[in-house]
Amino acid sequence: MLSSTAEDGEIEVRISVGTSLIVGFNTRQVWIYTQLQHLEPTYLDLEWNGAVSYMKLAHSIRGLASEGVKKPLTHRQKQRVHKRVKKLTNLREKKQLARAKKEKTASSGIEPPKDDLDSNTSDEDKTTAFTDQNNTWLKPVVKSRDNRKKSLKSDGRERKIKVDANGEKVTKLTDVLSNEDLSDESDSSDDPPGDEFGSAGSDSGLDTDASGGEDELPIEKAAKKLKKQHTEDMKLAEEEMQMNITDQEVFAFPSTEAKQEPLGLNEVQQRIKDVVMVLSDFKRLREQNRPRSEYIELLRDDLCTYYSYNQFLMDRLMELFPVSELLEFLEASEVQRPLTIRANSLKTRRRDLAQALINRGVNLDPVGKWTKVGLVIYSSTVPVGATPEYLAGHYIIQGASSLLPVMALAPQENERILDMCAAPGGKASHIAAVMKNTGVLFANDANQERIKAVVGNFHRLGVVNSIICSYDGRKFPTIMKGLDRVLLDAPCTGTGVVAKDPTVKMSKDQVDIQRCCNLQRQLLLAAIDCVNARSSTGGYVVYSTCSILPEENEWVIDYALRKRDVKIVPMGLDFGKEGFVNYRHHR
């Protein structure tokens, strides 16, 4: 049902919702809504403030209604509409109950008390909906009505409140679907939430605690609640941790007899943790008159028992690392390293090789962004060292750390390069691949039995620019000089690859370290003598070992700096830590 009237320059359109059709106005647009099926058949007065002509407005309404044009509501708009309609229904029911109660008390001659329901009724109802029976105790609040008029005019339009024959307020659709509901640009309104239903300052459920709380989605409320709970949990956990630290028992240092008693690995591990905790805050947690050296000695014995190291090597490691880093190193040395391979760029590309191995059931990934030829293999259904790709020389099994010396050497094409300790040929073949089989590569190793592995790998990988020889590296300057670059992967104790060779834990002592240190010094000086210092492209020597001891690294470099006119240059690698400049009594 569509009817209209025109009074005082205003256009009023009345649409029946018995057919679930609601028409609303918003910024000169007319929308059709069919979502509110649960409203009772009644009339909604819609007002328009002379912005468009009546004929144009009526035509727009009929056209949209006939064509069935719909504008879908957003999720938030639907929530607001249903929430407001529900509140409107509850308000109407409360009014009916209140009116029935008033009539009953008026007929009985008893003056009703002012309860909470009266405070929930709007100020506008107090001024327009009272009768002769309640005019003695209902007083219109002029101030509130003035404030209401001011708030109703805040949006630039004047709204009227209609009252039907039964004395009920006729609700306008503009109250149910306000501008803030149909606007996606703003989530707040200048009018108070209670003004839309004629209730200002109500204590009932029609008012919200905050203007933003009513507009929040359930997921937003749940997120806020979860965040608050997480903050409380973190605070409680911090308090509990501080309480545990304060109340924990002080470690009791074992007696001499208790040290001799055998303990299980679990007890030894727990005592290691206790000693480490005491050393972390020694002043507060130590026993009175107990020196730090006794705790260090107890920790050393327990570490030797738990990780199966000899006392000499454990002493060296404890001198090299702080306690926390020492435990991390020992744990890392117990973990088996993943298998890594290097793609031979002379015969294939890493992408093609990876695809071929994946098709054979190999689970692999690139080693990292720092290399373009390395692949790490996690699992394989076929032997990695017996695949057709391996036999064809498409890759070689090689550790990821052994790729770094060649990257630091940075070979160039058409250069003369020497690998002084080349066996078994992994780094030498990598140099040939970087040089693209140009120039000359001298692969030397003093052990003639190990040089056979170099020959086999070079044939399989397709290296054709190499000369393989077996000389004592210390005498190589007497055989050949004038090289552009030299790679010296010197023999060492292997303390950095304990995971590969666990026998290092018990087999190395001071004599082994001194023997390796002397040999490394002589080899490094020979390598420096082989290089042409006036080379236009080179003049570089790379020294590398598999040891972490300063005696085999920093001491050897320091010796070369004092014996030869050389200097240290950056390697060009963007990871790793710099070596020691000062170490204990060595400055």
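Placement of Cβ uses the backbone N, Cα and C atoms for every residue, glycine included.
Heads up, TrEMBL stuff is auto-annotated, nobody curated it.
Among the features that TrEMBL reports, active site, nucleophile is placed at C546. Under a cutoff of 8 A between CB atoms, and with a sequence separation of 6+ in the same chain, the neighbours of C546 (active site, nucleophile) are C492, G494, T495, G496, V497.
The number of other Cβ atoms within 10 Å of the Cβ belonging to G425 (S-adenosyl-L-methionine binding site), over all protein chains shown, comes to 28. Annotation comment: TrEMBL describes C421, A422, A423, P424, G425, G426, K427, D445, D472, D489 as S-adenosyl-L-methionine binding site.
Taken from TrEMBL, the feature compositional bias 'Basic and acidic residues' covers 112-127 (among others).
What TrEMBL lists as compositional bias 'Polar residues' is 128-137.
What TrEMBL lists as compositional bias 'Basic and acidic residues' is 152-172 (among others).
What TrEMBL records for 181-194 is compositional bias 'Acidic residues'.
Annotated domain 'SAM-dependent MTase RsmB/NOP-type' per TrEMBL: 329-587, in sequence order.
Sequence annotations record features per position, and here TrEMBL assigns region 'Disordered' to 93-214.
Taken together, the residues in the domain 'SAM-dependent MTase RsmB/NOP-type' (329-587) have a mean pLDDT of 94 on the 0 to 100 scale. On its own chain, C421 (S-adenosyl-L-methionine binding site) has N444, D445, A446, G473, L488, D489, A490, P491, L523 as residues at least 6 apart in sequence with a Cβ closer than 8 Å to its own Cβ.
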